[in-house]
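If you look up TrEMBL, you'll see B:21-38, B:58-91, B:103-132, B:176-194, B:214-235, B:241-260, B:292-311, B:331-359 marked as transmembrane segment. Here TrEMBL flags B:407-432 as region 'Disordered'.
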Amino acid sequence: MRNLIGKSVAIGAIAALALTATACGSGRDGDSGGSKGDTKGFAADSLIGVALPSKTSENWVLAGDLFTNGLKEAGFKSDVQYAGASTTVADQQAQITAMVTKGAKVIVIGATDAAQLSTQVAAAHAAGAKVIAYDRLITNTPDLDYYVAFDNFKVGQLQGQALLDGMKAKKPNGPYNIELFSGSPDDNNAGVFFNGAMSVLKPEIDKGNVVVASKQTDVKQTAIQGWKAEGAQARMDQLLTSTYGNKELDGVLSPNDTLARAIITSIKGAGKPVPVVSGQDSEVESVKSIMAGEQYMTINKDTRNLVKQTIAMVKALQAGNTPEVNDTKSYNNGSKVVDTYLLPPVAVTKANAAEAYANDPKLAPLTK
Amino acid sequence: MSRLKDLQKNLFGGTTSNARQFGMIFTLVAIIVLFQILTDGLTLRSDNLIALFNQNSYILILAIGMLMVIVAGHIDLSVGSIAAFTGILVAKSMAEWSLPWPVAILFGLAIGAIIGAWQGFWVAYIGVPAFIVTLAGMLLFRGGNQFIGNANTIPVPEGFRVIGSGFLPEAGPDTGYNNLTLLLGLAACVAVVWREFQARKTRREMDADPAPMWVSVLRMAVMVGAIVFASLRFASGRVGTSFPVSGIILVALILIYSFYTRNTAGGRHIYAVGGNSRAAELSGVKLKRVNFFVMMNMAVLAALAGMIFVARSAASGPQDGNGWELDAIAAVFIGGAAVAGGIGTISGSIVGGLVMAVLNNGLQLLGVGTDRVQIIKGLVLLLAVAIDVYNKSQGRFSVIGSITRSFRRDTPTPPTSSSDAEREPARTAVSG
């Protein structure tokens, strides 16, 4: 008797499972196959997801604010997320997945690790969302739609050129001793900056006009994991001890401002005169440093323009148009050549700072 | 009145530690319901449930191993680094030696076993505290990852990605659902029912008092209902998706390790060592062998977790494994394990891990930033353990226990059910 009740419950449950499974044949909730070839745009108040790396530089924080406000002005709903400080990649993966779940139509991604997002980008694509890689090219995925960035090779070239100009201005004749730093090896851009800079420096090094005194010229030796300031400071400390006991250091190629300041801190800590140091990103502290005559140069990649351009692309997609691109050849992510819009960077030294930052409410007052 | 007593005795196993476990499950359900309402139904949508498992299976796999380590009275801080180290080696082995991916997985597990043997040797045979050995391991294998990978990100081939982001194939007639997922659900239902009857039969044979029929039916109905609901959810995602492969690996591991820790002498020895290592040793437990085993087992599971993450990310990167040890440890403690060792269950840890996972996922769906998510998770961890500790210091084991205490007779309920003994590890007598 007891057994009977239990068995009938079990059988009932199994029957219910089978029934519900077959009865409502339209169980699948996703539109099968996604909306491929759908170029008719989407609702003007759709959700736009923005996934950015952890808040390690002012730039990302600023970009996040600009996206939040810009997308709101354009009439979209926005979801702007930063990866956490320690578990960056996993966080970003989860955030992108959450955006897909929420039905975002376009997902803008500033990747923490450019090669570890292909599963999520594929999921977004399958759900019919467009994916725009912001500032960092996402690699190893055929599902990336667009890439928008500053011309990073040009950034490197400007850094290299400014380094040469700056050293010449301080000391008319070489040979000049320099050291090289490059960014995080998991950031696709780091290598591009470095190659750009080396395209200018290499001829001078070959001529013997410029000397890398530590002989550390390989990108593996110069890389700073995670763009971490303490990494750059530690490496500079070691270079000073190992190489510059009785030599003069004339210049340091630094890929960005955060590292540039860390390098300068290290050099000042060792009681040496500050050499010509390059930078990038126009961070507040670095602009102050340039005006004070310490850091030599930075690159102005106005985040405002980049965000503006990205939002313009989102708007074009919303209207069902193809976003404007200006490079359809150079950016191969390993699976396909990605349509790209490149913005031009500007080199800034003390001489042209006032002019370069005239439109920047935060930086303009610093240059007066 | 007597029904309540019946329910308490039989559904929660009658013991307070089971009541606590029930409390955790209740918390989990409450959080799910809360987010289901707050996110307008996104939380329980099939694609989100699938994503939830895909995102967290590697952490939950770590939690299984970590539970055993913590029950044995140790800790393992090196799991994230071991995962990253294995990940890069496996990725390289496929990229540079063109190892076929199934071989590469075995290779990865072997690396885990070797690393585990190394750490187990220091902990068990030299007697260096596990905290120190694994702190060293954390540095050692993180460095190893960077040394081998040159801090590069190395992609892995399509076939390998199945273990992290793969799904069951679509098979059979078009039912509007993923048929294999439904079959899995069906198998689980049958297993639940079979197990219940098996348990009743055993108790009758042992002349023990079996639980009233209505309790058994209720228990089965709840579980079968949950399974039916879950399998329909998982089966009704986008075409091409199903219950994820990583989730299947996880469930298989949960079943195997639950059985091992509850029903085998080897598993009970871990609890004995954690409860009182001296007493355990005097009772004939091979202390060193148990310690060696838990450390080695943890490393193998860490290697597996690392490979699943790499497969899901489609590449092995230098940031892999950062902070994983903390997630796994948090899951174990939220799931009711004791800091001093000797107490804790696999299922509790999984529920603890799921509480964190659902919290994380729900907050992300609401668009809460990672900064605030971390604050909330930190508070949840602290509160969960604090409530437990406070209740113990008050002489009552759980909130539920204290609420229902007034209903209870003073006559102590003898631990009749076999699951009592299983779930009260500290009191268990150790057999040979």
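Glycine is treated like the rest: Cβ placed from N, Cα and C.
Cβ atoms under 8 Å from those of the transmembrane segment (B:176-194) belong to residues 167-170, 220, 223-224, 227-228, 230-232, 234-237, 241-243, 248 of the same chain, restricted to positions at least 6 beyond its ends.
Simply put, out of B:21-38, B:103-132, B:214-235, B:292-311, B:331-359, B:292-311 has the most Cβ pairs sitting under 8 Å from the transmembrane segment (B:58-91). By the count of Cβ pairs under 8 Å, the stretch nearest in packing to the transmembrane segment (B:21-38) among B:103-132, B:214-235, B:241-260, B:292-311, B:331-359 is B:331-359. The stretch from B:103-132, B:241-260, B:292-311 with the most CB pairs below 8 A to the transmembrane segment (B:331-359) is B:241-260.
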